[in-house]
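*Asks:* Summarising the annotation, TrEMBL assigns domain 'Glycerol-3-phosphate acyltransferase RAM2/GPAT1-8 HAD-like' to 4-187. Under the heading transmembrane segment, TrEMBL lists 20-49, 224-249.
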Amino acid sequence: MMDSVVSELEGTLLKDRDPVSYFMLVAFEASGLLRFALLLILWPVIWLLEVLGKGEYGLNLMVFVATAGVSESEIESVARAVLPKFYMDDIDMEAWKVFSSYDKRVVVTKMPRLMTERFVKEHLRADEVIGSELVISRFGFATGFVKSNNIDSYISSRVAKLFIDEKPGLGLGTPASSFLSLCKEQIHPPFMANQNQYDHHQVVRPHPVIFHDGRLVKRPTPSIALLIILWMPLGIILATIRILVGLMLPMRAKPYLSRVLGGKVIVKGKTTTAGVQWQ
């Protein structure tokens with residue numbers, strides 16, 4: 001049997017290495033549209049910090065905007081009912097094939113552990129999750145800060161403490177991942193579809209996501225988030241017109257006009273001269 005593996009979440013087990021869309025989800029689901037819009041406005045600053053090699057500051061800015069003043073229980077609720085669906089949609093199955101072949105599985109992430117632990121342990125069957133730790137006030141609200149300013153050194157030190165007696169057998173991550181130097185072997189994405197050394201192990205798929213309680217259908221990357229913001233005023237106007245049409249027009253005229261407004265009327269039952277008999 002194989003021994004232990006340490007894998008990065010963003011950019012390895014998840015195809016997308018940019019976590020901004022997951023902070024967008026926390027901002028939208030836990031607080032609403034204003035915080036969601038603020039994070040989108042600040043995204044160019046976050047992107048510029050990443051380009052200048054100051055990604056640490058960009059990450060701290062995302063954490064602050066998405067979580068400051070939000071209750072810990074609300075963040076946990078989003079992590080339980082909303083985020084797993086979007087994490088699962090972004091899983092790299094070839095990375096999962098390698099990761100699931102090991103007995104002891106550890107996942108490291110630059111996102112707050114509170115946002116990822118539920119999904120990683122329940123759906124990816126990881127034994128440990130190492131991520132940044134949110135500072136929570138005595139009243140149970142996130143301050144927007146994390147306990148460690150240097151997340152790379154924090155992750156490396158936690159991995160070293162977890163494997164005191166022996167190095168992890170394999171490290172999965174991007175070449176820039178600091179914890180990889182602690183592992184006996186390293187593999188970087190993209191992963192080959194047929195890695196012979198893992199073919200003889202039965203590949204078990206991640207536990208499926210059964211329940212999703214989010215209001216967004218697609219993961220809000222910056223471009224999708226911009227479309228959502230731009231559509232909101234038009235959507236409100238269109239919804240208002242549809243409601244007025246539904247209230248004011250006679251039933252026989254509604255099916256024809258509803259098509260023009262992008263909707264349709266479904267009638268269940270038999271119509272009479274007096275109206276509609278609903279079942």
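Glycine too: its Cβ is placed from the backbone N, Cα and C atoms.
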*Asks:* The transmembrane segment (20-49): which same-chain residues, six or more beyond its ends, come within Cβ distance under 8 Å?
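*Replies:* The answer is 55, 57-58, 61-63, 65-67, 69-70, 74-75, 77-78, 82-83, 86-87, 111, 115, 214-216, 219-222, 224-226, 228-229, 232.
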*Asks:* Calculate the per-residue pLDDT averaged over the domain 'Glycerol-3-phosphate acyltransferase RAM2/GPAT1-8 HAD-like' (4-187) and state the result as an integer.
*Replies:* 92
